[in-house]
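One structure is given here, and the rest of the page talks about it.
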Amino acid sequence: MENTTIADLFDEMADLMEFRSENPFRIRAYRGGAQAIRDLDEPIAAIADDPNRELADLPGIGKTLAEKTMRLLESGTFPQLEELREAIPPIVIQISRIPGLGAKKAAKLYELLDIESLDDLKRACQEGLVSKLKGFGAKTETMILDGLQIAKQASERIYWATGDELATTIGDYMKTCTAIEMIEWAGSYRRGRETIGDLDLLVVASDRTAAMDFFESFSGRSGTIMRGDTKISIRVAKAFQVDMRLVDADQFGAALQYFTGSQAHNIHLRKLAKERDLKINEYGVFRNDDGSKVAGDTEQSVYQSVGLPWIAPELREDRDEFEWARNDALPELIELSDIVGDLHMHTTATDGNASIREMADAAIKRGLQYIAITDHSKRVTMASGLDAERLRQQWLAIDEIRKEYDGRLQILKGIECDILEKGGMDLPDDCLAEADWVLASVHYGQKQSREQISERILGAIENPHVDCIAHPTGRLINRRPAYDADMEAIMKSAKSHNKWLELNANPARLDLNDIHLAAARRHGIPIVINTDAHSVDGLNVMKYGIKQARRGGLTKRDVANTKSWIDW
DNA sequence: AGCAGTCGTGCTTTGGGGTTTGCACCCCA
């Protein structure tokens, strides 16, 4: 059993316990254990098998979690997990994923209205049954109808980052199969969409039966959905589907292009082929007159057959990519190695779990030239946010540390300052004026009217001490919608005030999204890609931000933290 | 449930605001 699978099961246990309002510290212990196992750089099974090592020696894993890990490795589950799975129907969990509903209200809906599916719930809301219940009103009913889509998607699609872990594990495994000659992921995973519904693996094999057998022997497989001559589908982890398609080597490019999509992109491409009296399908590119094949072994050859250069998968959404390709104006998309700084991270002063020094050392290890320490301001009570006095103390500490890192890393005095519900910043101007770098962000009053919340953000942009708006739309993928803000007005104001916008690389945020990024690029607003790290490992999420930036068509030139700090 | 140290026990983030209702629930990093 893979580390990620074990971690997922501990997280599931924590979810179920949370649902039962059990001791929050026990819940945290499960989450902590899950994170610890996820972050290991070796299989936990290897540690379990080694007589000289103890699972309980791992930080975050004690006697109990060590024992449960052993049970998982032996049987794939443990009794407490099974008990809770029995006790809590999956539909109740699904209902509680609707923003605004929690465990109690979800259970009430399930029991009182006999809700068996999200569609049942939708019907009950439309018939006005929900607002008649004690503890529910008209606003809650509207909120449920608005949030149903989010809950539905959460049960069907996983974060790109989660898909990436799974794809990497399966891909590394499949590459050890001697019958496989070519292998590539296709689908929305290859295009870097923010969520993934399933995974598509494309393979050329010298022995198809052997390749399929090998695929079916993957240790994380929980079942086989179907197996034919050219396609096999298995289930892994939480009922997630992974397809493998077998094609001939001379069809590989055409198949890869076809199965990567998007559908809209493929329709457009085929229309272009038709205009040239060609036909493109998953087997190749063919002339209509004599049926002869003109391309298909590589993707390049497919695009070339209609007179276009190869188009990066991240751009294949039928937005601007064909026009760019036709005019030889495809953006040279940004890469992880272009990033030289990270301007959003937290420390133990608020809700981070590493010190300034630990973050600095980790940043150097990742090849960065500069970082900004940006802890929360005081309004964020839950994270024990900083007031002006504590913030100035932190800056004194940074002054001390700077000497040690001179010539190796620039450490900037920053702050993630809240934009208050009534408008205005959470810290006085004289304090913000002393910072090297000020992020402004909304955490509270997210459900305010479009006018209110837009005005708050515009006010922050107009504040001369604010440099950048962090996670500008506030959305959490599969969990929470964006603020109802006027993004067009925000971009215009950012441009005219010479302010930057963040692309928050946290895989649950990825905020701004691809559409907004493309708009920011058109406006000429510099984007800053930040990790918002709350730990040393949190710095690793930069790669997800890069993927999202590429989907927005961003180049190195469009992203501010590809430049040295002194060049700004 | 993990952890530190007291080796059995206490500690482990915080508190205000909205909705619906009159206290309970949910949200916010």
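Every residue, even glycine, has its Cβ placed from backbone N, Cα and C.
What you are looking at is a predicted structure, and each value in this text was computed from that prediction instead of being measured.
Features of the protein shown, as given by TrEMBL:
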DOMAIN    A:1-317  domain 'DNA-directed DNA polymerase X'
DOMAIN    A:53-72  domain 'Helix-hairpin-helix DNA-binding motif class 1'
DOMAIN    A:93-112  domain 'Helix-hairpin-helix DNA-binding motif class 1'
DOMAIN    A:128-147  domain 'Helix-hairpin-helix DNA-binding motif class 1'
DOMAIN    A:341-421  domain 'Polymerase/histidinol phosphatase N-terminal'
DSSP-derived helix, strand and coil totals, residue by residue, for the domain 'Helix-hairpin-helix DNA-binding motif class 1' (A:53-72): 13 helix, 0 strand, 7 coil
Residues of the domain 'Helix-hairpin-helix DNA-binding motif class 1' (A:93-112) by DSSP state, where helix covers H, G and I: 14 helix, 0 strand, 6 coil
PLDDT averaged over every residue in the domain 'Polymerase/histidinol phosphatase N-terminal' (A:341-421): 94
